[in-house]
Structure formats: C-alpha cells, structure tokens
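Chemist: I'd like to ask some things about the structure below.
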Amino acid sequence: MAVAELYTQYNRVWIPDPEEVWKSAEIAKDYRVGDKVLRLQLEDGTELDYPIDPKSLPPLRNPDILVGENDLTALSYLHEPAVLHNLRIRFAESKLIYTYSGIILVAMNPYKQLPIYGDAIIHAYSGQNMGDIDPHIFAVAEEAYKQMARNNKNQSIIVSGESGAGKTVSARYVMRYFATVSKSSSNTHVEDKVLASNPITEAVGNAKTARNDNSSRFGKYTEISFDERNQIIGANMRTYLLEKSRVVFQSENERNYHIFYQLCASAQQPEFKHLKLGSAEEFNYTRMGGSTVIEGVDDRAAMVETQKTFALLGFKEAFQMDIFKMLAAVLHLGNVQIAAVGHETASVTEDDRHLKVFCELLDLETGKVAQWLCNRKIITTSETVVKPMTRSQAVNARDALAKKIYAHLFDFIVEKINKALQFSGKQHTFIGVLDIYGFETFDVNSFEQFCINYANEKLQQQFNLHVFKLEQEEYMKENIPWTLIDFYDNQPVIDLIEAKMGILDLLDEECSLPHGTDENWLQKLYNNFVDKNTLFEKPRMSNTSFIIQHFADKVEYKCEGFLEKNRDTVYDTLVEILRTSKFHLLANFFQENPVPSSLFGSTITVKSAKQVIKPNNKHFRTTVGNKFRRSLYLLMETLNMTTPHYVRCIKPNDEKLSFEFNAKRIVQQLRACGVLETIRINAQSYPSRWTYIEFYSRYGILMTKQELSFSDKKEVCKVVLHRLIQDSNQYQFGKTKIFFRAGQVAYLEKLRLDKLRQGCVVIQKHIRGWLQRKKFLRERRAALIIQQYFRGQQTVRKAITAVALKEAWAAIIIQKYCRGYLVRNLYQLIRVATITIQAYTRGFLARRRYRKMLEEHKAVILQKHARAWLARHRFQNIRRFVLNIQLTYRVQRLQKKLEDQNRESHGLVEKLTSLATLRASDMEKIQKLELELERAAAHRQNYEEKGKRYKTTVEEKLAKLQKHNSELEIQKEQIQLKLQEKTEELKEKMDDLTKQLFDDVQKEEQQRILLEKSFELKTQDYEKQIRSLKGEIQALKDEKMQLQHQLEEEHITSGGLKGELARLNKQAKTISELEKEIELLQMQKINVEKHVQSQKREMREKMSEITKQLLESYEIEDVRSRLSVEDLEHLNEDGELWFAYEGLKKATRVLESHFQSQKDCYEKEIEALNFKVLHLSQEINHLQKFFREENDINESIRHEVTRLTSENMMIPDLKQQISELEKQKQNLEIHLNEQSEKMRGKLEESSNQFNHSHEEEGTQRKTIEVQNEIHTEEKEKLISKIQEMQEVSEHLKKQFETESEVKSSFLQEASRLTVENRDLEEELDMKDRVIKKLQDQIKTLTKTIEKASDVHLSPGPKKYLGMLEYKREDEAKLIQNLILDLKPRGVVVNMIPGLPAHILFMCVRYADSLNDADMLKSLMNSSINGIKQVVMDHLEDFEMLSFWLSNTCHFLNCLKQYSGEEEFMKHNSPHQNKNCLSNFDLSEYRQILSDVAIRIYHQFIIVMENNIQPIIVPGMLEYESLQGISGLKPTGFRKRSSSIDDTDAYTMTSVLQQLSYFYSTMCQNGLYPELARQAVKQLFFLIGAVTLNSLFLRKDMCSCRKGMQIRCNISYLEEWLKDKNLQNSLAKETLEPLSQAAWLLQVKKTTESDAKEICERCTSLSAVQIIKILNSYTPIDDFEKRVTPSFVRKVQALLKSREDSSQLMLDTKYLFQVTFPFIPSLHALEMIQIPSSFKLGFLHRL
C-alpha cells in the first residue's frame, strides 16, 4: 500500500521539538496527496497546521502495542523518534536499563544500585537463549560464552560509550559473569585473580571527571583464556592511550588518578610514614581541580582494598612499597619550586624539601636533578652546549618527567598483572572484553579527543561491516534475494586521518623537525585538505583549529599542544640521571633496550600480518600517534578474527540523577555510538521478521474460514498476505520467516485492531439489543399488571352500590350470630366428651403409675446392690493397678540404686588407688626434701670449717706481724701505715665472709621452715580426704538401710498380690450368680411385655365403647330436627355441621396419639432394661478380661522379680552364688523332665500350671531372702573393711609425727589396699561372667521348654523366629546380591515395601541373638557401605535413588521399632515385642543411617529437579493452555526460542506427567507417604520459584493474558495434588508467590484502592518483586492499559513500611528441612519370605 494512505485521521506522527527533540501529535484530518499542510492535534489539545514536504512526510508513530519492546528492531516504524520514545518508556517508566537494538545491547546508566546482578540472576541467564528473557549484560556474556563453546571460535565484547556512561561497570559485570559460570575445578582461583585485576587498574587508571566519579582514562582490552573444558585458565590485558596529562593537570571539579588520593589518605599509617606524604590539599598535582574528595568514597578503605588485590595477585609487600615510593616521588616532584632568574633562566634550590624527598625516594643525586631541571644539553657535531631554560620551559620539563615516570609505572603494573594471570597450559579459545572510550566532543577538543574519535571511526567501520555481514547471512539462509543496501561508509574519514600524507603523517613529519610548531602543522593541513576533502573544514572565525566530519558529528579540534603531546619527550639529560639511579625499578624503566611494556600487549597472541619497523632513534622518539595507530591496527586485526558482540553505554543525563531521561543528550550519544545507523540499515531492508507460527497465531483473526481450513500453515500465511497487502515488494517469504518492510507490521496491527474493534462493536450491538429487549419485556409485564389491577378496580366500583353494601353488611351480621350459636353448642358437646375421656384416662394413668412405682422400687433395690458391687470391684481394680505401677516404679528405683551403688563402689576403689599413688608421690617428694636437707647441712658444715680455718690463718699472720713490728722499730711509721691499711682491708674481707656465711645459714633455715609448713599442709589435706571418705562410707550405710526398707516393702506388696489373687478367684465364682440374675431380668422383661400388650387391648376396647356412647347420645337426626330449614341451609352452605363431626374425630385422634406416646414410653423402658442387661454382660466380660490382665501383670511381676534377683546378686560371696545357681539349674532340668513326661501322658495343665506358678513364686521368694541375707553379710564385710580402713587412717595420723614411720606404714597400707581392690574387681568380673553364662543357659532352657510345649500342644505348622541364619563368610555375598546387584524394577512388583531392609534386619537379629559383637559390627558396616556405594554408582538414576531411600528409611525404622526402647514399642504387637534386640544397642548406627538417608534424599531431590527444570518454563509460562488466548507479540532481531514450531515442545501436560512419574515411582518403591509429601512440596517450590524468576526476567510475559494462563496452570497443579491426595503436603502454599503474581497481572491497576488491594493481597511477594512486575507489565492489545508511573509510585509508597528482602530472585536451590517419620512395620518378621530372584539361597529361616 502507498505510504500516504497511512496518514489518516487518528493516526499519530512525530514532529521536531527544540526541548524534547521529538514530540507526538495526532492527525486531525486525513492527508491527501498534494496537501501542503497536515492538520495535527498536539497532546495538550492544541491544533496545528504543520507544513510538510510530500517527499518527506513526518515519521509515523508506532502503535502502543509495539512501544516498550525489548528489541528496537521489533518496531514497525524504525526511525530516530521511535527509538527515543521506546527507550524513554523502558528507562523512565519501566525502570529497565537494557534494550536490544539488533546485535547491540543499549545500556542506560541508572545512577542507582539495582538488585539485578546477583548470583541468582547469573544462574538464571546461564544456558538461556539471548531472546528468551529480558535484555541484560549477562545475556550478551552468555551468548559470547555459548558461541565460543559451541563453535570453538574466539569472541569479543566491545563496550563503548562516553565518560560516565557505565563502561567500566559493564565490563566488570561481564568478567564477573565469566568467572562465575566457568569456574575451574582447580585451587588456583584464577577467576578471583582476573576479577582482582580490576580494582588495581581502576586505582592507577581511573579518575574523577566532571561527568563521572570513576572515569577510565585509558582503553583496555582483556583477553580471558579458556581451556578445552571452557574453564578460565588465565587472562591478558592490553591498554591504550593513557591520559598522562591528568598527572600534572586537572580541570575544575576533577581529580588526579585515585591511587594518589588513596596514598595521601593513608599517609599517617606506620608503613607509609617514610614516604613523607600529607593530605591531598598539600600537593599541586592533587589539589589543582579543587575537588580532593568524592562523596561516598573512603580513600583510606580503598587503599586497603588495593593492597589486598595486590596481595591476591601475588605481589609482595616490598614490591608494593616500591610502587608506592614512585607514586609519592611523583607527588613530591610536583611540589618542587622553580624560581625565575631574569626572563630567560630559572633555578631550583638544592635545599628544596620536596626535591630532597624526591631524590631520596628514587635514590638520585639532588644537585644533578636541580641542575638539569632548569637546563638542557644541546649536542652538535663539534661541541656540547648547555642552555638554560625559562621558568615555563622548566615547569614543562618537570611535568613531562612526572608524566613519563607515571606512564612507565602504569605500563609496568599492567605487565606484572599479566604475568600474574599467565597460565601454563594451552589456550583453547578466548573471549576479549574491550572497555574503550566512546566518541567524544567537548567545547575544547585536543589531541586526546582526536585519537579517541579516530579509534571510534575504526570500530564503527568494523561494526558496519559486521552488521552488513549478518544481514547478508540472514538473507542467504532464508533464500531471499539480496539487494545492496546503502549504508554510511567511514573509510574516507579513516583515510583522511591515517593514509599516506594524512593528518597523522603530517603531524609526525612536523614533530621530526627541530623547530616544528602547531601553527606550521595546521597550515599544512589547510593547504592539503581545505576545498580538496569534503570531510575537512576550516572554521570561519578561527585560524588555530580545524573541523573533521566524523560519522557521528562534526568536531572542531584546537591545534595547540598537538605536537608536544604527540612527541611526549623528556630531555635526554634527565633520562640519563634516572637511568643511573640505584633504585632498580626506576632505572629499568629508562634502559636503552627496555622490556616490551604491556602498553601494546607484551604477551599479545595475535601478530600483525605486516612487519612493524623498529624505530632507529634510541631515545624513545616513536611518537604517540604512531604507537596508537599500530596498537589500534593490532586491535582491529584481533577483533576481525573474533565474533564481536556490542554493548553501547548511554549516559541519560549530566546531573547523575537516577532514572532521569534527557532526550537531547541521549540522541547525541545514539548518533555517536552507531545505534541509529544500525536502525537505518535495518529500516532500508526488511526490519520486521516473523516466523510463520508467530504470524499465524497473531493474525489468525484476519483469516477467513476457507483459509483456516488449510492444513499447511505456511501456505495459509502466504495466501493471507497476498490478500491483505497487494504490493508484494513490501514482504518476502523465507524458509522459516516472513520479512516485512518498515511500516507493514504496523499496517497489519491496524487491520487486526480494526477487525477486533469491529468484532467488539458487533458483540456490543447484540448485548445492548438483548439488554434493551429484556428491559422492554420487563416494562411490558409491569404495564399489563398495572392495567389488570386498574381495570378490576374500575369494574368493582361500577358494580357495587349503597343498597347492595347495606344488604351485604346485614347478611354478614346475621351470619356472625348464627355461626356463633352453632359453635357454642358444638363446643359444649366437645367439652363434655373431653371431660369424660380425661376422667377415664387419668384413672388409668394413676393405676399404671402405681404399678410402675412398685416395679421400680424393686428394680432400685436390685440396682443399688449391683452398682455397689460394681463400684467396689472398680475401686479394687484401680487400687490393684496403682499398686502394680508402684511396684514397677520401686523395682526400677531399686535397679537404678543398685547400679549407682556399683558405680560408687568402683569410684571408691578408684579414689583409694589415686590416694595411694598420691601418697607414694608425696613420700618420694619427702625423700627428696630429706636429701636436700642433708646436702644443706653438709654444705653448712663445710662453710663453718672454712671459717674456722680462715680465722686460724689470720691469727697466725697477726702474730708474725707483731714479731716483725718489734724487730723493725726503725721503720715504724711507714710500716704502721701499711699495716693499718692491710689490716683494714683484711677486716673488711672477714666481715664480708662472715656476713655471707650467716646469710647462707639463715636461708637454709628458712627453706627448712618452708618445707615443714608444706609438709603440715599436706598432712592436713590427707586428713580432709580421710574425713570425706568417712562421709562417703556413712552415705553407703544410709543407702543400705534404704535398700533394706525397700526390700521389706516388696515383701509386703507380694503379700498384697497374693490377697488380690484370692479376691479375683472369689470374683470369678460370683460370675455364675450374675448370669442367673441376668436370666431372671430377661424373664421379668418378657412378663412386662405381655402385661403391656394386655393393657393395650383393654384401652382399645374402652375407646370403642366411649365413641359408641357419644354417637348414641348425640344423633345426627336429633340435631337436624332441632334446627330450622334456613339454619340447615346455612349449616350445609358453610359446612359447620360436618365441621362438628370432624371435631369429634380429632378428639378421638388425640386420645389415640396419647395412647401411642404411652406405648412408646413403655417400649423405651423395655429398651433401657435391655441396655442394662447388655451393660451387665459387658461388665462381666470386662471383669473376665481384667482377670486375664491381672494374670499377665502377675506373670510380668514375677519375671521382673526374677530379673531383679539376678541383678542384685552382684556383691555376695562367689562360692555361695555359684552353688545357688547350680541348684536352680538342676531344679529347672528336673522340672523340664517332669513337664515333658506330663506332656506325653496328659494334657491337664491349667490347674497344675497355676499351682506350679505359686510354688515357683515361693521358691523364688526363698532364693530372694537367701540372696538378701548374703547381700547383708557382704555389706557387713564391707563395713568391717571400711572400719579397718578408718583404723588404718587413724593409725596413719599418729604416725605422721615421725617421717620413717609414715613412710613404712603408708606404703604398706596403700599396697595392701590396692591388692585388695584388684582382687575385688577380679572377683566382680568373674561373677559377672558366670551370671551371664547362667542367664544364657536359663534362656536356652526356657526356649527349649517353649519349643517342647509348642510341639506337644500344637503340632501344627512350623513356627519361625523372624531371623535369617547366615555364615560369616557369606556376608560379602549377601551385600553383593541384596544391595549392589539388586535391580528395583525386577523387585518392586508383588513385593512388600522395604523387603531388602527387612531381610537385612533379620540378619542383624541373628547376629544379635548369637551375642557376637564382631559379626554384628561387620554386618552393619558392610550394609551401610554397600548402600553408600550403590548410591554413588547411580547418582543420576532416579528409580535407584528412590528405591534405596525407601529401604534405608525402612531399615532405620526397623532398628528403632525392635530396639527395645519404650517410645518406639508403643504400636508393636506382643509378638513383635518378643523380637526386639536383646544384647546390643545400635543407636549409633541409627544416627549413621539417618545421615546416609539425608544424603540420599538430597541427591534424590537434585535428580528430580534436574529432570523437571527444563520443562518448567516451557510448560508453566510459555505453553498456552487456554485456547483462544494468545500472548504473542511482534519480536525483533532476537527471536524467542519458544516461537519455533516444535512438535516436541513441552506443555503443561509434560509437567504433570513428569510429576506423576516421580510420584508413582516413589509409591512403587514403598517410600513413606510423609517423605513423598515432602519431596512433592520441594518440587512444587522449585516449579513456583523457577516460573516466577523467569517471569521477572521476561517483560513480554508480564501481561493479563499470561496471568490467566499461569492461574490456569496452577489450577492443574492443584487438581493433580487433589487427585493424588496430597492436599496436606503444604505443596500448594509454596505456589502462593506465583499465584499472587498471576493475580497481580490480572487485577485492575489504576486507582488508589487498587494499590491498597495489591499491597494487602500480595503478602508473599516482596516490595522489589511487586514493583518489578508492575514496571514490566506489557499490554498485548490496545484494549489493555499500561501501568502508569504515578500508580507505581503509589504502590511503592504503600510498600515502604514493609521490611522484607531486597532480593529480586527466589533462591531455587533452597531446600526445606527433611524429617524422616517413624512408622512401625506391620509385617511380622516370621511371615517374610525371600524371593528366589534375590539369589539368597544361603540364608536360612530359623
């Protein structure tokens, strides 16, 4: 159809607007060819005559149904305003930041943290097709990862955009996605290292700009390497064009690189103090922009994070400190003061503090640095000249040096990161992530912007070629004729920049000249390109700039600084100084042949096809432009060898406001990033593409009945399109898709909407007609009724006159009096009749009451005696029951006290042994102390002897001196002086020696006193211990007395039991008397019934006589004769005579009913008597039952008493105990022989057994008394021993006075006590063994007795014990055949649930009966290991897991049921209680089995989830179970996987079939119903969670119709639960969030009351989830309304008070806590038979 035909009334168009770029207007009048203006109506209601050009009509607006699409190419009209409006709806209203545009992902920066990047979101996108769920950065990453894994081809993701658009964050999320989904199994944590490289590169390469707080000031290409298993093995990074000028200059409100501020913030830390840093405000390089702090960023914490990431990558602290030294040196260099000396020279003082710190940190000579910062050396052929520099030149030289150092440091850090991310294996494939600057245009554009835009030109060219290639491939695949598309080719711009003698060549040429300037270079550009190249222009008002027409926009560049930035040179003298530095890191940066830096990829795996010529200049003369061109060439070569994926980041506003949409800024970026160019290319061909199934489903409403009757849907689509669109050039038919030109889908949507509107009009017409007809008929009926009543009133008024009214009133009065008279007469008649009837009846009732009173009096007397007897009997039963309970409780207490006494005796023995050891150790200490005392005494004697000797020597010396003094009188004065001095010295020495001796003696005495005190303290401790022993002995005595009292009480209770038995015998005799009384009562009952029947006959005769008398006394003829003729006529008219007759009839009926009630009363009394008789018979039966229970209780008491006696025989003398037990054994053998003889001869055993039991009780009481006497004797012996111990302890107290006596007596007594204790322990052990042996003999004897009695009494079928006998060597065969080789499918049919578990337990019982601990332990361990092994071998086999989960639970419950514990024996039968384990406690194995069952259950759930998860989304969400409700909409380049006509696609039936398979398998394998309910609940939770998570991520599914589909599918699941009787499994509650989401999609969403209702109803959804669904709500048709942003804000305000999770996704991995129910087995172990298929012939039933 012609384009002009679309410009009709009510259609909408876009017109330019200076504020909003484009604004919408509605066509108010149809457009006709040749019109100069178009009548429009704006959205505010104003009308406008818009002048138009017939060749370029204003762009049409898409239907509302197409607005908000995930893919911009799905729009029918593809142009700039449509793209802008779609992005506005998605971003500003729906809060969706990602949108597809063909192969591009458009990412809008929300300036807000969103909950859409968690691990749950990553797992949701993992494995999904790109068009199946909403656009996301993870979807692009998954597409790249999937194509790499599928095609084994390298991929690349190109992330571009201007500063602040979110490139860095997007690239970070891409790398995080790869690290999560491709996590390696090794422990190298390569993924963590790859992610850790981001914080480091951001610290040294990112900075705050006016547009972005974390702007990347360099380009980065990261290659993530994968192995053959598609797991990360390493990475490599290349960087491009670092903005070095930022190191020395920042604009207003900008910062330097983050690392400088992090260092300054950590300056006061001890490890950084040697750097001599301060705050950022103190340094020129960090305070220049006036903004040293970023709001919400802690630089000190960021520094800690940077250090952590350095450490994670393996950088040592020394290496980190070297980097920080260089950074600090750069800051200090910026603070070096350069003073001007005159106009042409400058100077730097060597005393400058910052210069000294700079040289100290980098290990340089201060003088040389100060000299060559202000001078430069010029080398000529003949001489070397030193030329001073001006201050500005010196400042530039200083800044150039700082930039050079930082650039080298940045390259070095990147190189080290690459080394840390190197890998040893072979790279199979890689995915490259390019985070590079987008097209930039500022008010002042310099060399950096020129290089950035040059790179974007290259990338745009590559992008255009790739789009063109994809379009061509799509057309070739669908067999559609390929026509050349005119698209923008930017090769001329690239040639202008990089071709020979282009802008870059001319720039390098000018840089090579010694006196080259920016102005000369610019003049060359003017001469070469102005008026010769249309893409190059000269500004009209400037001679210092030039304009280039880029693909995105015209950009004006200022030439100032181009040469300096391109040269990027540092004077050679400064380089030489740095090269000679002793700081090796710095010196290596400036070597002659430096290591290739990572600036252009030191480990680049892709080599250039062209040979790169190495520069000849050895002083780093390669220009920046040349380097950048080469690195860009390598990058493009790499990208061309990979499959690219594009992410275009858009900055929505410059104010950094969240979800604020600035149309001007966004359009500018869309033009710059190539999105609109992609749209234009698509629009020129066939942008709209539908599969045949989608087209058939969407536009089936436009098809005729004849067309719908065709079976081939593809042919139907072709026929329909030929009919609807006559111009065949507007569409093309491919193999699987239909291709449409721009606008054709909108036209089809218009036709569809018109058809729907027409259908709605027809429906409305018929409904309104039906309503009007209904209303008309209702009004017509009402009018007829009114007319009827009105006409009747009129006729009445016409017929009735005044005379007629008076006559009528008179007749009425006469009738009144006449009728009153007749009624009074009749009343008198009836009254007389009733009085006579009452008299007779009252007399009859009084007589009957009298007779009844006599009968009841007798019955009361009988009841009194019977109830008294019953009450006495009930009281005696209760008292007997209480006594039995008391007896059992006391027996238990006795048993516990005996056990405690045994424990305490063992404790006393242990305490005595410990005391003995303590005493021995103390004696050893005392001996050591004595030895030390002896040594000290000997030492003291030696010192005294030495002192005496010394004194004698001194006296001898004095005598000699005196003699010498008498001989030498001449030299008296001199010698006297000398002698005085010597004598004084000797005296001092003597005093010192004597003092030392006295001090040593005092010390020895103090030590001796301390030893004596410690000895006394120890003796006091021993006395305290002896006192505590006495107290314990006294407590033992008290306990013994209590035991004696309890034994006496037991004797009393046993006497009471005898009395109770006698009473029971008496009561048994009274049973015959009660039976006689019952027979008498039955006879009385028969007599009463006969008497009642006779009374009934008499009453009937009396009634007949009374009625006859009444009829004779009042004859009908008499009544007629009394009345006149007129009265008779009146009576006959009104029927009053016959009314009187009917009254008499009623009276007789009343009497009959009265008699009937009396009859019922009699029958009730008879029933009560029958009930009493039954009650008495039940009482008799109860008494008999109680009597039997009493006998059972007495037997149990007898067994308990025998057990207690065997347990109480713990302390008596060994010989007496053995003799007594041997006697009992002989008695039992004699009894066995006698009983066998009696069995052979006679079967009269009831009375004999009763008497024999009495005799046994007597003998047992005697044995108990004997044992008690023995017990008392043993106690007395113990008491005597304890008294001996007391005497010994008293004796020990006395002997503490002397050490020798203490030693000998204590040691002897301790040794004697230890020997005695050992003897006692040995005796106790021997006694325990003998008792156990005798108990086993008794058990075997009793079993033989029972067997003999069974054989002779019931010679029927053979009885089994519920055990399976097996040999020890057959254990491995048992495990192999019963567990490892067992196949569930061949076993489950016709088998009891848990048969293998029961067989295993019967084997366990056999091992337990043998009392073989090793055999039982081996069997249990082998069984558990076998179960573990069979589960590990079949981890993915659902049936095997189900089978062994069931058997493990059955085995666990068998161990509990037959453990002998009371809590598990409640529901056992008496025979099952006999099968309990008798020798071993297997509670530890029960715990191990429970853990194994939990592990099997978790694997069981995982297998079910893995099987059902791929079915959930297609069945629950995509499948359309409701006919006629289609949720399909137009799609774009990214097609839904579910839209393909796949006959094997999953449906809701598939989900139900899978659930039924799971449930039937669980039931067949005998899994407990409670466990099956828990498994179903877990599956339903998974279904709800997966469906809801997919709904959150699929905007196209959030519609009212889809809500109806989901609700329908939930109802299917609920019906399934009801069908399987699983309503109590709480599975339905797990679907509540999904059910509420479906309700939310269907409910009205307009008013405030709707918002309140949503908040009240959606309690299972969090606030984030509710808002997400509302924002994602998408109408399928124009009849549905979008959710307005104001309504969403209302709901958001109401939900603020909620404190729920901020997570969007539900955790699909969540597992409910499993509980294993205890259900006792109803199968008797004796009845279980082993099938031959088990191959267990070596097992024998006992």
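Cβ atoms here come from the backbone N, Cα and C positions, even for glycine.
Below are the features I grabbed from TrEMBL:
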DOMAIN    8-62  domain 'Myosin N-terminal SH3-like'
DOMAIN    67-753  domain 'Myosin motor'
BINDING   GLY161, GLU162, SER163, GLY164, ALA165, GLY166, LYS167, THR168  ATP binding site
REGION    632-654  region 'Actin-binding'
COILED    884-1098  coiled coil
COILED    1204-1351  coiled coil
DOMAIN    1421-1697  domain 'Dilute'
Chemist: Within the domain 'Myosin N-terminal SH3-like' (8-62), how many residues are helix, strand or coil going by DSSP?
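Modeler: Split into helix, strand and coil, the domain 'Myosin N-terminal SH3-like' (8-62) gives 0 helix, 27 strand, 28 coil.
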Chemist: Just to be sure I understand the packing, how many Cβ atoms besides its own are within 10 Å of the Cβ of GLU162 (ATP binding site)?
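Modeler: 23, counting other Cβ atoms within 10 Å of GLU162 (ATP binding site).
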Chemist: Around the ATP site (GLY161, GLU162, SER163, GLY164, ALA165, GLY166, LYS167, THR168), what further same-chain residues have their C-beta within 8 angstroms of the site's C-beta centre?
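Modeler: Here the non-site neighbours turn out to be ASN109, ASN212, SER215, SER216, GLY438, CYS649, LYS651.
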Chemist: Sequence gap of 6 or more, Cβ distance under 8 Å: name the residues on the same chain that satisfy this around GLY166 (ATP binding site), in order along the sequence.
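Modeler: Those within reach of GLY166 (ATP binding site), by Cβ under 8 Å and sequence separation of 6 or more, are ALA107, ASN109, CYS649, LYS651.
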Chemist: On a count of neighbouring CB atoms within 10 A, which of the binding-site residues SER163, THR168 is highest?
Modeler: THR168
Chemist: Around GLY164 (ATP binding site), how many other C-beta atoms are within 10 angstroms of its C-beta?
Modeler: 21
Chemist: If you draw a 10 Å sphere around the Cβ of GLY161 (ATP binding site), how many other Cβ atoms fall inside it, taking every protein chain shown into account?
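Modeler: So the Cβ neighbour count for GLY161 (ATP binding site) comes to 26.
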Chemist: For ALA165 (ATP binding site), which residues in the same chain are close in space, meaning a Cβ under 8 Å from its Cβ, but six or more apart along the sequence?
Modeler: ALA107, ASN109, GLY438, CYS649, ILE650, LYS651, GLN669
Chemist: If you skip the near sequence neighbours and keep only those at least six away, which residues in the chain come within under 8 angstroms of LYS167 (ATP binding site), Cβ to Cβ?
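Modeler: Listed in sequence order: VAL159, SER160, GLY161, SER216, ASP435, ILE436, TYR437, GLY438, CYS649.
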Chemist: Restricting to the region 'Actin-binding' (632-654), report the mean pLDDT as a whole number.
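Modeler: Result for the region 'Actin-binding' (632-654): average pLDDT 90.
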